[in-house]
Structure formats: structure tokens, C-alpha cells
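**Q** Structure in C-alpha cells, see below.
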Amino acid sequence: MLKVGLPLGACARSWKSVRMASCGMARRNPLDNKVALVTASTDGIGFAIARRLAQDGAHVVVSSRKQQNVDRAVATLKGEGLSVTGTVCHVGKAEDRERLVATAVKLHGGVDILISNAAVSPFFGSLMDVPEEVWDKILDVNVKATALLTKAVVPEMAKRGGGSIVIVSSIAAYSPFPSLGPYNVSKTALLGLTKNLALELAESNVRVNCLAPGLIRTSFSRVLWEDPARQESIKATFQIKRIGKPEECAGIVSFLCSEDASYITGETVVVAGGSLSHL
């Protein structure tokens, strides 16, 4: 008797394809042709986010305060076959924010995604010893610039029918890091900014969410993990007893920018190994 059909291996592959399509797994590029701006994206968490967004199909504009850092990041990501350009941007300067948005519009026709990641933390010590100019600098860059860059980018998102914004806060918003008082306060402020922006921008179909990373191994957080005793003290508060990796933040951000998160706004996702995350 002649038996007609697919070989067993082919049947298995066909069935796997059906299952992947049924649950949305067949969509290889969830951010296909989206245009994304990522601030402070030449190193650490920002760089990992830029890479992941580009891997997921977005055209990404990376930025940093130094041209050599921008050039290095762009060269690295282009070397991986990703669609990436870059420009210098100090988010505390209005002209730099304007140039960042203009670069995306000129090269790609608009903006769909903003990742607000830039932050400074120039002080380590008692909150009672913080000079006024340090307060001004931290709040200017970490909070005010985030709001003003959002203001600059929303009209471009509206032209394209909406968009997604992810603000990068920190677990320090919930559980303050010792001796980093002004930074902790600024990151708590971003939780409130996220809620307010989400409320106001919903009518423009712009979603606003927040990422709160825990202790992630980056140059920015080195002061917290380079000393073994301090590192062990901090890790003792984690349920997952290790320092996180930038890539463990990037996937969450890509999800929040995708259609899979189309009914999520005003929320903060904590990526912190089980650290306490309640105000």
C-alpha cells in the first residue's frame, strides 16, 4: 500500500509554524519600521535598549553628550547590520533636544518611540550636605529635561497616529540607595511624571510607561558595586542574589513599545531581582 504524506520532521516543523503563528510568535520584528530616539544610549542600559529596539526592527537614533561615544556606538551597531544613526545630545540643553528630534524627522520622517534614559548623579554623601547647584543640576537633567523632551517629541508622534514613551527611573525611587539622596529623589519624581504624562497624552494615542532597573552592572552604577562589601550589602536585599545585566532591561522596554503592550500606560515595570518596590 502506498503511503503519501510529509516526512515526520517536515510535519513537526509545519505544526510548530502553525503554533507560532497562532500565538503571535511568527512576528519577527515587532517594531518594524518604527523610529526610536534613545537618550544616553552609547553605554550601559541605554546602549542595550538601542540595540534591542534595532534588533526588533526599529530605526534607532542613539545619542550622548560626546561625539566620540556616539560614533563608537553607531559603528558597533551598524557592524551588526542594524539600522542606527546618532547625534550629540545633552538633554539639559534645549538646542540639543531640538536637534535630536529634528535628526529623526529628517532621516526617517518622524518619531514613534522615545526612551528617556539620560541621568546624572554627581554627588555622593549626606542629603544634608548637598549644595543647591547640585540639586539644580540633578533635577534639571533627570526630571525637567525628560518632561521637555517629551513635549518636543509628542507633536511628531501625533502626526503618525500615536507613539510610545518609556521613562527610565530606578529601584532607588522605591528603596533609596545610601548616599545618593538627590538622585533617589529625582527617580521617585519620574514615577509621578509617568502617571501624569500617561493621563494627558492618552487622547493623542501616546502611551507612557516607566522602567525601574535595580542594580545593573554598568559604569554609571559602579560606585555601588565596585566595592565588594557594599555590593554584598545591597545584594542581601535581593531575592535573586546577583547584579542584573543591561540586556535584562532591554527586552522589557521593547515590549512596552510594541503592539503587545497597546493597552498598557502609566505603569512602572521593576527589573530588580525582587527588590522591595512599593512606596
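Cβ from N, Cα, C; glycine included.
Found this in Swiss-Prot, in case it helps:
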{"type": "BINDING", "residues": "37-61, Lys187", "note": "NADP(+) binding site"}
{"type": "MOD_RES", "residues": "Lys93", "note": "N6-succinyllysine"}
{"type": "MOD_RES", "residues": "Lys93", "note": "N6-acetyllysine"}
{"type": "MOD_RES", "residues": "Lys106", "note": "N6-acetyllysine"}
{"type": "BINDING", "residues": "Ser170", "note": "substrate binding site"}
{"type": "ACT_SITE", "residues": "Tyr183", "note": "active site, proton acceptor"}
{"type": "MOD_RES", "residues": "Ser221", "note": "phosphoserine"}
{"type": "MOD_RES", "residues": "Lys235", "note": "N6-succinyllysine"}
**Q** Judged by the number of other CB atoms within 10 angstroms, which among Lys93, Lys106, Lys235 is the least packed of the modified residues?
**A** Lys106
**Q** Taking the Cα atoms as reference points, how far is Leu53 (NADP(+) binding site) from Tyr183 (active site, proton acceptor) in Å?
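**A** Between the Cα atoms of Leu53 (NADP(+) binding site) and Tyr183 (active site, proton acceptor), the distance comes to 27 Å.
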**Q** Of the recorded positions Lys93, Lys106, Ser170, Tyr183, Lys235, which one has its Cα closest to the Cα of Ile45 (NADP(+) binding site)?
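**A** Nearest candidate: Ser170.
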**Q** As a test of the contact definition, list every same-chain residue at least 6 positions from Val61 (NADP(+) binding site) whose Cβ is closer than 8 Å to its Cβ.
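**A** Expected: Val35, Ala36, Leu37, Val38, Val84, Thr85, Gly86, Thr87, Leu100, Thr103, Ala104, Leu107, His108.
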**Q** Where the distance is taken from Cα to Cα, which of the recorded positions Lys93, Lys106, Ser170, Lys235 turns out closest to Tyr183 (active site, proton acceptor)?
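**A** Comparing Cα positions, the candidate nearest Tyr183 (active site, proton acceptor) turns out to be Ser170.
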**Q** Quick one: pull the CA-CA distance for Ser170 (substrate binding site) versus Ser41 (NADP(+) binding site), whole Å only.
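**A** Just about 16 Å between their Cα atoms.
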**Q** Have a look around Ile49 (NADP(+) binding site) and count the other CB atoms within 10 A of its CB, chains all included.
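**A** Other Cβ atoms within 10 Å of Ile49 (NADP(+) binding site): 30.
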